[in-house]
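Here's the structure, in structure tokens; my notes come after.
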Amino acid sequence: FISLIMPSFLPSLFSSLCVLGALELAFLKEPGDVIAVRGRPLMLDCQVEGEGPIAITWRLNGVPIATGTRATVLTNGTLLIRNFSKRRESNETDAGEYECAVQNRYGMLVSRKARVQLASLPKFLSHPESMHVDVGGVARLTCQVNGIPEANITWQKDRCSLSTDNHRYTLLPNGVLQITGVQRTDSGLFRCIASNIANTRYSHEAQLTVTGSRIYKEPVILSGPQNLTINVHQTAILECVATGNPRPIVSWSRLDGRSIGVEGIQVLGTGNLMISDATLQHSGVYVCSANRPGSRSRRTALGRLVVQAPPEFVQWPQSVSRPAGASAVFSCTASGVPDPHLIWLKNGKLLIPSSNVKLTNGNTTLAITRITPEDEAIYQCIAENSAGTNQASARLAISQGSELPEAPSGLQAAALSSSSLQLTWDQPAEHVSQQIIGYVLHIRKLGEPDSAELQEAVSKTTFKHEFSNLEAATTYSIYLKAYSALGGSQQSDSIMASTLGGVPSPPSFFTKVLNQTAMQVYWELPSKPGKLEGFRLEYHSVSNPEVQGQETFPAHINTHTISHLEPAAIYEIQLVAFNGNGDSPSNRRLVSLAEGERAAAGRTGSSCNCDQADSSTSALLVGLHSGLACILCCLLLVLLAYRRNFFCRKGESWETPPTLNGVSGPKGHTPESFELSQVNTHTHAWMIIK
């Protein structure tokens, strides 16, 4: 096999240190990307250090590799595949992503994924094409093949190897052959030869024909720079070949105006730009210009170069030891181009956040609260981008904590208001309180594991504390920890407490007169039914101020029919919503029960010839918000509305029967309802004439 990318590793910060009383488990050498040859052996490195015994296993595409006659793990952790194969008929292959997993009694580590490919050289994607070129012109021949590993391209002329000593011949690594200042002796049959460790292939032959002398021609760029993406320290070649008569002068610049520089910069042939050992500063848009000598005639072509950088850690997670019930924070920051994506592993498996395990700040911070024995493990930070991967690890150990204070006891909570809770707890014994330097209260919304945990510290002489700025009618989970100079105690028993809730909002409701002695009341249900317990409906006749009826309904009911009422009377309707905190402000309405027979007769007759006479209903809606004065205005508007020249086209007699204190409709038409709604200090009045 041949290694294209040398295995790279970052020495562990703890490789030479005994952390937490034991040598940390760490990789000395991780497997790297390689290309294997069918039928030949393959070896992948995995060297580790740490407290033994250490078990080493290998995975292919996430599946453990069975060791035996074909695959063996050597004593130093190296994986040996004796006969690398790819069986087409069974779709089985040894190619894929390999990773090394190592484990001791403290936890498990997983190496970076190493990509193993099978060497191959498929058929040419494109062959050189025959062409005619004037004497002194430029010929460009190309062939394309995608090999693994990348094929080495050479050229032949008339079946003889082409000499690269001729300065007029420029051979680019991507398979392009440029011939500048073409001469008649350049005529012949050209073909390219592609070869790698898997195979050797020959392209079709192309005839180069050199024609007569050149005539004047404007500059033309035969091939300009292509967009290219490489990793740092690799080499970039930006092609630019131009022709014309006289021969154009090729120059390079950056679109952003910055200098290209000279270090690592080289010109191949007459105009190709080669950048060796590329850095991030080389990224940008490059402009190739072909100028005709002695004139301003110019042609340009642009190409973008993107230089990527694999992840490098700016901050590594540090191994820590914490007592049970305490908290631990691991930080991991990596740089790279493009920006790396961070994931966390716990003992070699993807870390899944939970109620006490949180990932924040774009996964750069891992916080573990209320540590339990299940949290004791090796945690890995994996940084990935399109240029590569990197990993760092740290261990969380649980200390015995015999010198730590006892967990607080007697934690209780009482609601003070809709936004505050008061917490109290028992004063510890004197021998315990001497080592305590303070307390920390932890509070979080119950049932919302993703909500932020609030923490407030209090002095060691304080045994009560008020949490404020909380949400109304919300239940919280609370616990307390005592701290000494050595660390925190285990947490107290968790308790649940709820803030007081406010009273519900006043419900909006509507009424519909059914007949002379019955009406129906509708009201809107709240968007959150849990905020209230029910509704209470009260009604009485205006002439009888004492309550005539009262009904209570659960929170899911929104309609009720009131019957057996006093015929043609005016009723006041009141609706309130209530919960354990009290009643909402009330909504009140005045409703007039029309005389059923007269209303029915009025609806069948034609009292006036209005524009809407052919329709079943004509309504006038007047809304006023003027406090008590609006009632008088409404009465005045109704009286004015009875005038014939206001609503009708022909004459009609109107009368004012003694209903609603003088308020009535056209002759034979009694208003079906007169409603008045009042909330707090504002009055809303609606007058509906049907």
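Cβ coordinates are placed from backbone N, Cα and C, and glycine is handled just like the others.
The domain 'Ig-like' annotation in TrEMBL covers 11-117 (among others).
Summarising the annotation, TrEMBL assigns domain 'Ig-like' to 122-209 (among others). Counting residue by residue with DSSP, the domain 'Ig-like' (122-209) contains 3 helix, 41 strand, 44 coil.
According to TrEMBL, the feature domain 'Ig-like' maps to 219-301 (among others).
Each residue in the domain 'Ig-like' (311-397) gets a DSSP state, and the totals come to 3 helix, 53 strand, 31 coil. Taken from TrEMBL, the feature domain 'Ig-like' covers 311-397 (among others).
Annotation comment: TrEMBL describes 407-502 (among others) as domain 'Fibronectin type-III'. With DSSP classes pooled into helix, strand and coil, the tally for the domain 'Fibronectin type-III' (407-502) is 4 helix, 41 strand, 51 coil.
What TrEMBL lists as domain 'Fibronectin type-III' is 503-596 (among others).
Residues or ranges marked as signal peptide in TrEMBL: 1-15.
Taken from TrEMBL, the feature transmembrane segment covers 619-642.
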Completion exercise
Among 219-301, 311-397, 503-596, the stretch with the most Cβ pairs under 8 Å to the domain 'Ig-like' (11-117) is 311-397
Problem - the domain 'Ig-like' (11-117), counted residue by residue under DSSP: helix, strand, coil - result: 0 helix, 52 strand, 55 coil
